[in-house]
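In what follows, a structure is listed as structure tokens, so that the remarks can point back to it.
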Amino acid sequence: MGCIKSKENKSPAIKYTPENLTEPVSPSASHYGVEHATVAPTSSTKGASVNFNSLSMTPFGGSSGVTPFGGASSSFSVVSSSYPTGLTGGVTIFVALYDYEARTTEDLSFKKGERFQIINNTEGDWWEARSIATGKSGYIPSNYVVPADSIQAEEWYFGKMGRKDAERLLLNPGNQRGIFLVRESETTKGAYSLSIRDWDEVRGDNVKHYKIRKLDNGGYYITTRAQFDTLQKLVKHYTEHADGLCHKLTTVCPTVKPQTQGLAKDAWEIPRESLRLEVKLGQGCFGEVWMGTWNGTTKVAIKTLKPGTMMPEAFLQEAQIMKKLRHDKLVPLYAVVSEEPIYIVTEFMSKGSLLDFLKEGDGKYLKLPQLVDMAAQIADGMAYIERMNYIHRDLRAANILVGENLICKIADFGLARLIEDNEYTARQGAKFPIKWTAPEAALYGRFTIKSDVWSFGILQTELVTKGRVPYPGMVNREVLEQVERGYRMPCPQGCPESLHELMNLCWKKDPDERPTFEYIQSFLEDYFTATEPQYQPGENL
């Protein structure tokens, strides 16, 4: 969400295959200090989707009822704890997966491996717990602990993680051949997948996936000739012998401490005085973005909005919805200052906006595989927004944030419809992002998930051109007129034709003919691996 100033019919063909696909390029040191991105295991939300737009009085509908393309859905993170609520008497013992430093006087500091009795877990993301080691009680983030006697407590178990996210994690710089993790199978209920980092002369660093199947009697196997009573015994066996796998299991893949769900218990509408603005990161037509600290303890990003940008009551209503949208490719909304000037407090992402990263940061040096992977991450987040019947309305590189190891997260989802500035609400004013907006949205205000798909096609051109302004040499009015007449941007230099064909699908005149984000995600995630089997049979298996 920010100021825009103008400067200047086929299905996808066979996908581009590079001669050598190497591991992702590692970004250099943080621009604003070391910070991590959330790539820890997440759990699936159960139950039917909620139409968030109907709750927030959006004048136009959410996702289109027509889904012209298929594609595999991906995992997404919990909206609330997946554990049973109402535990009494501390019967279930939980163990910490990560260290945690208390942020308030009501919080409980703890170390990885510390055990707890849960006193009260009925209040969502923050549980009241008692440390068995110290006897102290306080609130702990519920996504930092798991039942002590469960498979989730194993360091190598990463839960509901998609194949692509497993590959991103295992291929992080510094990881060696044989590093591994176990996750839930995406394709077979009750089964698991073993993902291992490998190397060969043809592909270089790569990841192999093996399906772990479950026997009727409860045992587990990759090959029927080697069966085990428990997953733990299976993992132990393959750490001692490769036994047909591409490599013996060496060390567990390092995980990254996840973001907590919110800053602390009951820290939603917070006092302005609890925030310290420290480093100005950017400025737009509607406000500024700062790196700062909450409560003297927690690094955050703070978006400050100019008075009059939006009605505080409408913002607070929308923010209540936005904070329920949780996915590891969406920037989490932590807290708000709801009186003008409005402050929006979110996770701090160390590399800043994707636009700045491509134009001025290490993104200038990225090659096509890394750029396609970033597009796939954005499509992953948008596919979640699609499933939740929500709309972004302002999808472009300036509203994507980048963290360590090229992790991308979508920011500012849903805020655009609240802006009250006349130069924006006119839809053709100087501040409106015409070049990213679908014609039916720019001309008639028909914003849907399909207009977001159009914007994603424009965002793809930003990626492959390293941040070039779309429609170079054309002003806003000219763009609107030409697009209405059927003009579409030509294939950017160095962009494979199959990627340009995907862009053209996103730019179909009829919104219902545009692909779903689910399809786009599937297309991009498999862009370089479409000819390979998803699971390896292994040698002599």
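Glycine is treated like the rest: Cβ placed from N, Cα and C.
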Candidate set TYR16, TYR32, TYR238, residue annotated phosphotyrosine in Swiss-Prot:
TYR32
Annotation phosphotyrosine in Swiss-Prot: match it to one of TYR365, TYR535, please.
TYR535
Quick check on the modified residues: of TYR334, TYR343, whose CB has the lowest count of neighbouring CB atoms inside 10 Å?
TYR343
Let's see if you can do this one: DSSP helix, strand and coil counts over the domain 'SH2' (156-253), in that order.
18 helix, 35 strand, 45 coil
If H, G and I count as helix, E and B as strand, and all else as coil, what does DSSP give for TYR334 (phosphotyrosine)?
strand
Roughly where does the domain 'SH2' (156-253) sit in mean pLDDT, to the nearest integer?
93
